[in-house]
């Protein structure tokens, strides 16, 4: 679990309107009110300033510094000589954007984020619907379904890689014993395997699919949690009316439940996409970025810690953030309005 | 004639309805059991492996239970013992994780409680924009922050210290913390504070005597939540601490040792259980409030 637990509808309460005028000051003299307001403003700033300082020092300034570093040719060793005013150059970006490795990593990141998000949302939706009607022990089941999300990623990744191990992993043991696999599958170290479906041999990117499955497993609880909250808040009346009109369960889902879930799904898909796009831990722990699973975040890490090439690492991280920003803006442009309408 | 077709259609419809109802009635429990299995089995597998001797695991890897005869808790002793005594040193890692976790909780709450109170109660310049600003932080890739912080910490010599890690964690959690606490402050009726203010209490007194005690459940759960984040964190721990084994957190220790061939898998499984168990316990303790606090407002869509 990371800090990514933020609700999709954040900020909706900002308009709550607890201004100074709403207080008991109404009807008193104007001067007294403005004195009170000034005092309130001072206290407010004093209360929020520790947060502002720590965010400024630990988040805002570092990001600005990344921008500066990305435009310099700089390695960790010659850091002492580097100041704010260095030799600015576009070389890092040129090198990054023209290298095949970066573009490949970007494509991998995109595939990982899109499919990881889609599967997580799909499973989360199925789970939320399956647990919609009350039954004994539902509360416990709900809590248990959140386990993959709250468990430490390091432990989860270790269990998965043990279970998927070709020599002593349980998955390959069962696959060979029960499902008749001819040989063990190297889930985490095989770039691609031939899969025969209906006599057709199709090449599938084994390791990439495995890390996508891991991502779906780890984050479906997040979608489940928010879809459940939405379902609980849904009024029964429409569905009851539809039952009287003779709508079948699937029709009721298609025409009544799903349209009401749509805005939540839209927000969830953005959030999950962003976090998966930025994800480092899961892939680093499962494959180390090998076997065709190198995403940009892992690549940045390797440039930073193995090559000490700070300039290139910063440039790639910035390009990653920029692409993410563009994708999110395009999404909001395309779908933002329909969300308001829904 | 038209009534006949209508009747036919009606019958077909009723049949379709009946089929759908029946299929769903069968499917629902199956889906629920499957979901429970995918959520729980990996953790069960973890627990079983941590108690089975390595040889037995290699011989029969597919068993999801252990017999009383093969029950072997020595892996736990092995993983906890310090490296000098031939163990893996997880006791030290636990101490480090506790230090960082508790330090992060205390510091974050000290910063976030006044912050949340201000955002919820006080009118000041930029109040409305602040939440949006904090939220924006979370959409930046943390790897983007990793680059400058790595460089910065190397330069000032804080790399490798638990203390340096603590500040990164506080910066990472403080916005979520403020968000959750503000939601709670918003639910406390303002009239209580106004009554105290009329009785002559100062703002700080009001906060200490009225608002804080009322918000205590939220503060405690929020503290648990922050602790869980700090305990689970991996990227920054890896980036800053990897060269100093005596400062490894449990997460980092497990990930580093799982890369080496010398440590038996069953021992590391015991380490995984030690890493996971506190989180699961804390989660079940705070689950009700956490899920409520996080999805507050989400039901509006």
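Our numbering is plain: 1 for the first residue shown, then up by one each step along the chain.
Cβ coordinates are placed from backbone N, Cα and C, and glycine is handled just like the others.
According to TrEMBL, the features are:
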type	residues	note
COMPBIAS	A:17-27	compositional bias 'Gly residues'
DOMAIN	A:106-331	domain 'ABC transmembrane type-1'
REGION	A:1-33	region 'Disordered'
TRANSMEM	A:52-71	transmembrane segment
TRANSMEM	A:110-131	transmembrane segment
TRANSMEM	A:143-163	transmembrane segment
TRANSMEM	A:197-217	transmembrane segment
TRANSMEM	A:255-275	transmembrane segment
TRANSMEM	A:310-332	transmembrane segment
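Same-chain residues lying 6+ beyond the ends of the transmembrane segment (A:143-163) with a Cβ under 8 Å from its Cβ atoms: 1-2, 127, 131, 169-171, 188, 214, 217-222, 224-225, 281-282, 285-286. The listed stretches are A:52-71, A:110-131, A:197-217, A:310-332; of these, A:110-131 has the most Cβ pairs under 8 Å to the transmembrane segment (A:255-275). Most Cβ pairs under 8 A with the transmembrane segment (A:110-131) among the ranges A:52-71, A:197-217, A:310-332 are made by A:197-217. Beyond its flanks by at least six residues, the transmembrane segment (A:310-332) meets 66-67, 69-76, 79, 91-93, 95-97, 102, 106, 109, 270, 273-274, 277-278, 296-297, 299-301, 303-304 of its own chain at Cβ-Cβ distances under 8 Å.
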